[in-house]
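Participant: Got these off TrEMBL a minute ago, pasting:
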{"type": "DOMAIN", "residues": "101-259", "note": "domain 'CP-type G'"}
{"type": "DOMAIN", "residues": "110-257", "note": "domain 'EngC GTPase'"}
{"type": "BINDING", "residues": "N149, K150, K151, D152, G201, S202, S203, G204, A205, G206, K207, S208, T209", "note": "GTP binding site"}
{"type": "BINDING", "residues": "C284, C289, H291, C297", "note": "Zn(2+) binding site"}
{"type": "REGION", "residues": "331-359", "note": "region 'Disordered'"}
{"type": "COMPBIAS", "residues": "349-359", "note": "compositional bias 'Basic residues'"}
Amino acid sequence: MSQSTSILISYGWDPSIYLEEPKLVENLKPGRVLSVYGEYSKIIIDQGERKGIFSGGLMASGESLAIGDWVLVREIEGDELCVVEKILPRKTFLKRSNPGKRKGSQAIASNIDLLLVIMGLDNDYSPRRIERYLFLAKVSGAQVIIVLNKKDLCTDPESKFAEIKTIAGEIPIEMISALDLKQTRTILQWIGPGKTIAFLGSSGAGKSTIINSLLGEEIQKTNEVKVSDGTGRHTTTRRELFLLPSGGVLMDNPGIREVGLFSEGNEEELEEVFPEIAMAAEECRFNDCSHNEEPNCGVVAAVKAGKISEARYLSYLKLSKEIMAYQALNDPEEARKKKQKDKQMSKALQKRLKEKGRK
């Protein structure tokens, strides 16, 4: 396999991520997945872009490609087609539950170095959604910064910044108006050469404006192409990895802009997003305390004493319940545990909401 050229290095290629496997080395080239559409993909290799298809062995393995994957491909001479023989190990990986399916997960994107959590300071503003996004970033393994957008539409941006700061802890926060190109470009300080960034945020948060500003073009209009999906039909595909003029790689993947809870989270990762709850939990009587109605629960005591905000506590319970629900679908033992705790969880949520309504 030849060494990477400058184009792949620009896309973040690091030869150290390649595992030496002699049986796969001959005539294989590294490449990065730019987009996935049906059974095909768009892949950048050192000679340029190619249309990728799975090898028979890879297809039989049940693996699926994600935007941002590094792969080993076999070129087909005289053709723009290449065969994907192997998916290289992922540094970071975003998944979500399969839409319409009770079990399993769907690949969304991989090898993201930095997730930008975008939230508008207008009607989009929601501290609880920030908590969810920070958990998703924790599960993925990517670094994260928070971008509070539309400060020009907010009458009290500093107070909202302060509120999000209490949630973010040491996570960096930028506050901008995406309509001001100079302000948007402050984000570039976080993006190094070859580093891949992606975006999380709800519709209307201003992600598209920020993306277009960073790239210097309106990619939503210029990037769509009609291609065959292999069934005789045509579908709209789009390149989803772009080189930033200043260096770095921008991932514009609609699949990760708005997501629910990813499937691989656990309680330990959740507690890292809610450190005050993790600290209070050290005072719980039981090691497996669900922080609901168990006696001598340190978390409940801290909430009642005002040391933990009611809103943060309810947000934690909601996310914890989602984690248990997913685990129960994929593990019979977890299903048994969930059934035991569901009544406690629902009772606690109802009680807390009722108490909050009286205040």
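Every residue, even glycine, has its Cβ placed from backbone N, Cα and C.
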Participant: If you count other Cβ atoms within 10 Å of each one's Cβ, which of the binding-site residues N149, S203, T209 has the most?
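Facilitator: For the binding-site residues N149, S203, T209, the Cβ with the most other Cβ atoms within 10 Å is N149.
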Participant: Taking the Cβ of G201 (GTP binding site) as centre, how many other Cβ atoms lie within 10 Å?
Facilitator: 24
Participant: Does DSSP give A205 (GTP binding site) helix, strand or coil?
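Facilitator: Its secondary structure by DSSP: coil.
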Participant: Given a 10 Å Cβ-Cβ cut-off, pick out the one of the binding-site residues A205, C284, C289, C297 that has the most other Cβ atoms nearby.
Facilitator: A205
Participant: Around K151 (GTP binding site), how many other C-beta atoms are within 10 angstroms of its C-beta?
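Facilitator: Around the Cβ of K151 (GTP binding site), 19 other Cβ atoms lie within 10 Å.
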Participant: Using Cα coordinates, what distance in whole Å links K151 (GTP binding site) and H291 (Zn(2+) binding site)?
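Facilitator: Spelling it out, the Cα of K151 (GTP binding site) and the Cα of H291 (Zn(2+) binding site) are 37 Å apart.
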Participant: Across the domain 'CP-type G' (101-259), what is the average pLDDT of the model, as a whole number?
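Facilitator: The answer is 83, the mean pLDDT of the model over that range.
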Participant: Other than C284, C289, H291, C297, which residues of the chain come within 8 Å of the Zn(2+) site, judged by Cβ distance to the Cβ centroid of those residues?
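Facilitator: Going along the sequence, the neighbours appear as A281, R285, F286, S290, N292, E294, N296, G298, V299, V300.
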Participant: Select the closest residue to T209 (GTP binding site) from the following binding-site residues, measuring between CA atoms: C284, C289, H291, C297.
Facilitator: H291
Participant: Let's check the environment of K207 (GTP binding site): how many other CB atoms sit within 10 Å of its CB?
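Facilitator: Other Cβ atoms found within 10 Å: 23.
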Participant: If we check Cα distances from H291 (Zn(2+) binding site), which of the binding-site residues G201, S203, K207 wins as closest?
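Facilitator: Comparing Cα positions, the closest of these binding-site residues turns out to be G201.
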Participant: Tell me the Cβ neighbour count for H291 (Zn(2+) binding site), meaning other Cβ atoms within 10 Å of its Cβ, over all protein chains shown.
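Facilitator: Other Cβ atoms found within 10 Å: 23.
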Participant: Rounded to the nearest angstrom, how far is the Cα of C284 (Zn(2+) binding site) from the Cα of K207 (GTP binding site)?
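Facilitator: About 41 Å separates the two Cα atoms.
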Participant: Over all pairs within N149, K150, K151, D152, G201, S202, S203, G204, A205, G206, K207, S208, T209, the annotated GTP binders, what is the largest Cα to Cα distance, rounded to whole Å?
Facilitator: 19
